[in-house]
Amino acid sequence: MVDSQYYLPNDIGVSALDCREAFSLLSPREQMYSHFLSRAAWYGGLAVLLQTSPESANIFVLLQKIFRKQPAAELEPVAMAAGLTSEEYQAFLVYAAGLYANMGNYKSFGDTKFIPNLPKDKLKALVFASQSFKEQPGEMEALWDSCSSALFSLEGKQKQLGLGSKGITTYFSGNCGLEDAELAQKFLDFQKLSAYNTRLFKTEKGGKMSYEVRLASAVKSDCAIDGEGETRCGSFSFEDQEFTVKRGDYAQIMERVCHYLEEAQAHAASENQTKMLEGYRRSFTFGSIDAHKEGSRFWIKDKGPTVESYIGFIESYRDPFGSRGEFEGFVAVVNKAMSERFAKLVSSAEVLLPELPWPRDFEKDTFLKPDFTSLDVLTFTGSGVPAGINIPNYDDIRQSEGFKNVSLGNVLAVAYATQKEKLTFLEEDDKDAYIKWMLPSFEMQVGLHELLGHGSGKLFVQDDQGKFNFDQNTLINPVTGEKVTSWYRGNETWDSRFSTIASSYEECRAECVGLFLCLNKLALSIFGHEGQDAEDVVYINWLYMVRAGLLGLEFYTPESSSWRQAHMQASFVILRVLLEAGEGLVHLEEVAGADGRPDARIALDRTKIHTVGKSAIQRFLCKLQVLKATADVAGGRALYDGYSAVTDSGPHDFLRLRDTVLLRKEDRKMLVQANTRVQGEAVELVEYEGSAAGLIHSFTERFQEDAEQLEADLLELSKRDSPCWCH
């Protein structure tokens, strides 16, 4: 019997992401712009297959070939004739939908592998009975053979993503460990190269190690190209090791992204948009993060566009070392009514920021008022769809030039809606209020988290010329009462210094800012909450967070003592802080459920949130900011790892509670996104039903114009690197 955490249940939630009204409000030019940006994003998102696991691209191609010839309904009688039950066929559809939704065979939220919930011989019988197999038996059998054992394998480290013995990763060759990642980071810092668009491959020649840093680019040549200026490629000796910087990772994919970005440029609404797309195009052509930064600067200047978008190697959650970005792209339409609230929040930021529990010197010199909009997503590609985003992630731009915040309204409405019977671990008395206030409170938390969480706090830096952005002679650390003794130097960044804990630590800091500032009457009134309603929103926001801390245990792996999801680790840390505060603020107990199996109850004393709760978060948040600002990696790790520890000692047996959480877990919903098609001079929005079959259909129609060539390119890219994963 396979542990249920490694397959997706047949009744998993699947919902269509509704954007029809938002899309219909766009002008024909804006629709055309959205279409070409979406095409660029969808093609770029395919790089995630190659960034996830050695077998993901081959499985994707296998599924595309099967379903392009026979949609789900047509394939069903074939499956029945091949000996599958209707439950087994549904399990296959759910697996296929899961692979598309996660852009690989590891969950985007939690990084665990999922396998088909049916016997391998049954799936093989279906593949071999398919129309695609009948038409190309040799090719399809080879494709099946190339991925079938990995498709079902749950051996050892294949159960989750990770580096070295801890799991699977394709950001590093299979022979790399943490020490290789650390050495490569030092090399990249020395070369002033960002890790965002790179992968690392290690080879051994005559007993000596050599490393290849490979940049994602359409151009495969390593010498300077017309229009590029100087190339960053070449061979270098660093700490007695040989490093080579090469280009051409995901080349065929990047080529398509550049083509569609160029098409989109013809329909841009402003010069900022044109220059932004030009920067992205140069970045994906030459493999240059500097060019992507340039594009991002114009993106920040593109204030209040009707169509909002971003694209590139953005979030570093899934690199086990925390420096390399996963490809993502989104295209969305601004929701003007909801955006007004966020605009009010932005204009109140300078009143709210001083409320945060650190001295003025630890806040940015000036708050660069960002765009903050609520968007209805038309397209979001990559491994998963978040609820809100604060970008760009480049520290130097965020500190001195600004950033943008977006809340994804139609994602919030669908992905986070819940039913009473599915609300685990809460007291019955809390459930109705939770369902009533969960979306309003979450919307507010997303706003505060993105704008004043990720958007707050200064980093102390001494640049290459020795110049400080703070007075090192007088600045006092408010936690120790002594002078600040550490800071970032030269090319160091938050990600490069705090590496493996950076993502989760920063999410935790932003969540704490949300919890702290949601107690503020001005913040509540901006979101339309007054009186008793405001108190209910605060209560449910805090209750949501402590419940999320308990649910987070699903994403902890005891075998390697590691967390697999940054946000859930952050929620667990906050739960630990609030439990530690004592005085009856949070009550957590193990109970027997109505079904006789282990269960748990978590409760929060709402009368103590403004006192006990507030002061606990205040103290913890100040420590988080001070350690981050001063680049105190040792102190930051000690604090964060301490609260992240999952043990069976102390007042709560969290390892046993983890078993209970796994027993009662509900899988995250999968979202079905629309496609766009050019029909003459117009753009048509093509929608699909909210089901596994609908999700599959959306993907088979998504890459129709060059399906055969695209599939051949993906297989070639996958095959090129296949020797690198064994060690």
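FYI, residue positions are counted from 1 along the chain as it appears here.
Any Cβ shown, glycine's included, is placed from N, Cα and C.
Annotated active site per TrEMBL: Glu450, in sequence order. As annotated by TrEMBL, Zn(2+) binding site applies to His449, His454, Glu507.
Cβ packing within 10 Å was compared across the binding-site residues His449, His454, and the lowest neighbour count falls to His454. Close to Glu507 (Zn(2+) binding site) in the fold, though at least 6 residues off in sequence, lie Ala566, His567, Gln569, Ala570, each with a CB less than 8 Å from its CB. In sequence order, Asn390, Glu450, Gly453, Glu506, Arg509, Ala510, Glu511, Val513, Gly514 are the same-chain residues whose CB sits within 8 A of the CB centroid of His449, His454, Glu507, the residues recorded for Zn(2+) being left out. Note: Glu450 (active site) has non-local neighbours Phe372, Gly388, Ile389, Asn390, Asn405, Val406, Ser407, Ala510, i.e. same-chain residues 6+ apart with C-beta under 8 A of its own C-beta.
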